[in-house]
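K.L.:
Handing you this structure, nothing more for now.
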Amino acid sequence: MDSVEEEGVVRVEEENGRGGLRRHRRVSTKLANYVDPPTDDEEDGGPKRKGKRGGNRAPKKTPKKDEEMQKNEIDEANRVTGLVKEKRAATKILNRKDSIIEVGEASGSMPKEVKGIRIGKRKGEIDGEIPTKPGKKPKTTVDPRIIGYRPDNMCHQCQKSDRIVERCQTCNSKRYCHPCLDTWYPLIAKEDVAKKCMFCSSTCNCRACLRLDTKLKGINSNLIVSEEEKVQASKFILQSLLPHLKGINDEQVAEKEVEAKIYGLKFEEVRPQDAKAFPDERLYCDICKTSIYDLHRNCKSCSFDICLSCCLEIRNGKALACKEDVSWNYINRGLEYEHGQEGKVIEKPANKLDDKLKDKLDGKPDDKPKGKPKGRPKGKPDDKPKGKLKGKQDDKPDDKPDEKPVNTDHMKYPSLWKANEAGIITCCCGAGELVLKRLLPDGWISELVNRVEKTAEAGELLNLPETVLERCPCSNSDRHIDIDSCNLLKAACREGSEDNYLYSPSVWDVQQDDLKHFQHHWVKGEPVIVRNVLEATSGLSWEPMVMHRACRQISHVQHGSLKDVVAVDCLDFCEVKVNLHEFFTGYTDGRYDRMGWPLVLKLKDWPPAKVFKDNLPRHAEEFLCSLPLKHYTHPVNGPLNLAVKLPQNCLKPDMGPKTYVASGFAQELGRGDSVTKLHCDMSDAVNILTHISEVPNMQPGIGNLKKKHAEQDLKELYSSVANKEEMMEILENSRQQVQNVETDDGALWDIFRREDIPKLESYIEKHHKEFRHLYCCPVSQVVHPIHDQNFYLTRYHIMKLKEEYGIEPWTFNQKLGDAVLIPVGCPHQVRNLKSCNKVALDFVSPENVSECLRLTKQYRLLPPNHFAKEDKLGVKKMIVHAVDKALRDLSGEKSPEPEEKKQNMRGPKKGAAKAVAKALKDLSPSEKKSSEAAEEEISNGIVNAIDKGLKDLPPSEEKSSEAKVEISNGIVSAMDKDLEHISSSEKKSTEEEGVKRPNIVRTYERRKKLGSEVTNAYIDRLEMEKM
């Protein structure tokens, strides 16, 4: 047979509707001869083939092709192969040489190597549009007529290459396709993108850029504080905190005097025991839930801790914080009742959060549970143990403590707590008296008070009245408010009052002005509104869907899944489980329940604080850039933010930032409004409106539901009103009024003055039955009018409040980009006029510490099962460390390097032996003990820890590596605690710096008879380091 060997064929196929090349073999450079010579095989069907299954079988006959058709197929295959090679060569050259191929050009800026590529006829083929078989739809390609066209047209946002793109002329490397520009950057013109793309402007919101945790050029959220500013801030802090520090010290001195009286000791001889708690533990009183910062009393048997305030109350005859759990009886009657109908009681337990939302949308309310209430409607006590919370804040809830169960009956009944005539408090568990213990070095707070008083006597403190009581720049020459000032906003109409106007500067005014103007208003407890803070940022999008894309994780070991979240339904204030994408769809387009009422959902603290910083580093950086008055608000190094003064290894409260995402409507609905109910924050706060979206108009049938709501309110809430027709008209009219909402308005704020709180609480207690809360049930009782967070005052109640008590709040609209600074102690409520995304951050200013202490006293008197009971701020601990930090800044003393976090005694980690050497090595001469006896005492304590560790080990484990680690950890714990709590009277000089380590070694040598390999190895390590 005279045929040429066939080496390969190039085939052009369409797979799944997409054109592409699939090469089976390398194409032969020889000319293939497809003319079949005449053979005898044609007659009998060709030669037989052998196979495993079919044995000898004949191949299928194929129709013969004429010579011209075969030749055309070979030419086409060779043409396509050459086309692919040309495209690859062109792409490599273009990627190497930054040249632009103009349409129709074959010279000029085009590289020589690709001049042979025909841009005209085959321009589509170069970009990947390969000729396909007849009848097949060709693949969509990029329009080659775009100026700056290149073969590489992959969009930076979506990573697709089959779309029309805009190429950046600044970096000449990034491209954005038109669909992405229309979807994610609708406010940016395509011509502007071509001049300078979003990547170059640091506003790109693709997932990769949003998760970029490196510093970007031109964006710096750090606050640079000069030494002079540090000194001035320290003087201001000491002047503000000295009275509070004295109060803390007096409280401790009084308890020490009681201790001296009980045991017949002199005051100087009182030595409270070390509580052996670690810096990253959070210890609070088991009775009043107040944070314990230093001195407290403890039961050795049941591990009960009691703060000094509770000790004083018990000795006075009654523990005021010992109260019974409160019960709120809110009954679930279904969605029909929530919209004015009778409804029927649903007795099934709320097992699934997602059932409630499904019921509202699908319409099966009677046979499914209604969801989980946000509060505690049945009044049952928490399932959580009532004992103290020790350990890290991020401990898993499944971790079981080693402590024995504690009998908590004595927490509820004050009569069980008693003290004898001497002042000894006996624990109700029957184990004996409570022991006085400490967390800080003995006498440290008294020493701080003495140092601050000496500094004040030397005239080194900043005189507070001179800085804030000068004439405000907002006032005119007659010392009256200049109402024509552009930095003032009228927010109230109180007669005879000069605080109807709020200070509202722009972000640029705040940056150019000093802090005195702000302090003038802030020290009076007035909120401040800083306008257009987003102008100081790069312009990164805060649209919730953009943030959702950055946080979205289908499956990730570290981050987990964030597809489903728990939201709050603003109609009945119950928690529901909702898909995050569906939630954001309702955020922009609006959603309605099966009865036609707006379904308003609210996300609080989404994403969680840890995810916000990890998955949204760009947004976290952007938020820090937008913060106004950074000396007060910066969460890392704000010199006047007391929250940053805590030691690095200390457990810090969660101060944010936190996001609040919710849909909203301009019209006040009366029920189901997107509101944050009346409350007081535990500290100062700054709230920035970062994004708004207007929801389309409501459905027409909503008016009928409003009328049913008003009839139900008249029947259940206002049954005692004489003129019911007039009241009915008032209710309907109040819900028909639409707030005057401008384009950039987002939220309506009502902030009450501190001096108006007694009248506000009196009004709520008087009219509390006119409000609804869980399941739209009337509020039956009031524990605390503000801390219950059960009330939102509508425009009707705001009007009635002014008529009856003569008070009114500051009321204003928060616009897009406005930052509202709320002083602690000012009750406030918020209603969203549009769908809003707000980001909030807490901080503690020196001026408002007294209000933080006042709120702490109120929290401790709430019932044990009240959600606001626990003191999460720990302001007294903050005061002590802030004073210490300020004194060190004034004296020029550098802050000590943070110790490695000590682990819990029950489960110490490995590598602790190295921590011992480092802790001893880093000690300054002033921190060494001054006597041989003190050294001997510490050494004996360390060796005793070794002895105990060895005795507790089984014989088989004495020489194991695990045993060595556990004993070393015990050594570290004992040594660290002894070194940490060295009193000021036992300091030693520089010459005695090297005494400690040799004494420890000698003590080990005397006890070497144990013969443990662990002890020998540790002694050798100590001798080799020779500190």
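Each residue, glycine too, has its Cβ placed from N, Cα and C.
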K.L.:
Looking at 121-128, 249-256, 473-480, 865-872, which stretch does Swiss-Prot describe as motif 'Nuclear localization signal 2'?
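P.N.:
Residues 121-128 are the ones Swiss-Prot records as motif 'Nuclear localization signal 2'.
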K.L.:
What does DSSP assign CYS310 (Zn(2+) 3 binding site), in three states?
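P.N.:
Where CYS310 (Zn(2+) 3 binding site) sits, the three-state DSSP reduction gives helix.
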K.L.:
Cα-Cα separation of CYS197 (Zn(2+) 2 binding site) and CYS180 (Zn(2+) 1 binding site), in Å?
P.N.:
13
K.L.:
Tell me whether CYS197 (Zn(2+) 2 binding site) sits in a helix, a strand or coil according to DSSP.
P.N.:
coil
K.L.:
What whole-number Å value do you get for the CA-CA distance of CYS155 (Zn(2+) 1 binding site) and CYS285 (Zn(2+) 3 binding site)?
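P.N.:
Cα of CYS155 (Zn(2+) 1 binding site) to Cα of CYS285 (Zn(2+) 3 binding site) measures 58 Å after rounding.
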K.L.:
Which residue, of the binding-site residues CYS168, CYS177, CYS200, has its CB surrounded by the fewest other CB atoms within 10 A?
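P.N.:
Per-residue Cβ counts within 10 Å for the binding-site residues CYS168, CYS177, CYS200 bottom out at CYS200.
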K.L.:
Can you see whether DSSP assigns CYS171 (Zn(2+) 2 binding site) to helix, strand or coil?
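P.N.:
The three-state answer is coil.
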K.L.:
Do me a favour and check the Cα-Cα span between HIS679 (Fe cation binding site) and CYS310 (Zn(2+) 3 binding site); whole Å is fine.
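P.N.:
Just about 26 Å between their Cα atoms.
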K.L.:
Taking the centroid of the Cβ atoms of CYS155, CYS158, CYS177, CYS180 as the Zn(2+) 1 site, which other residues of that chain lie with their Cβ within 8 Å of it, listed in sequence order?
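P.N.:
Other same-chain residues near the Zn(2+) 1 site: HIS156, GLN157, GLN159, LYS160, ARG163, VAL165, ARG175, TYR176, HIS178, PRO179, LEU181.
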K.L.:
Counting only residues 6+ away in sequence within the same chain, which have a CB under 8 Å from the CB of CYS158 (Zn(2+) 1 binding site)?
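P.N.:
Sequence-distant Cβ neighbours: CYS177, PRO179, CYS180, CYS206.
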K.L.:
Using a 10 Å radius around its CB, how many other CB atoms surround HIS679 (Fe cation binding site)?
P.N.:
17
K.L.:
Could you round the CA separation between CYS200 (Zn(2+) 2 binding site) and CYS285 (Zn(2+) 3 binding site) to a whole angstrom and send it over?
P.N.:
54
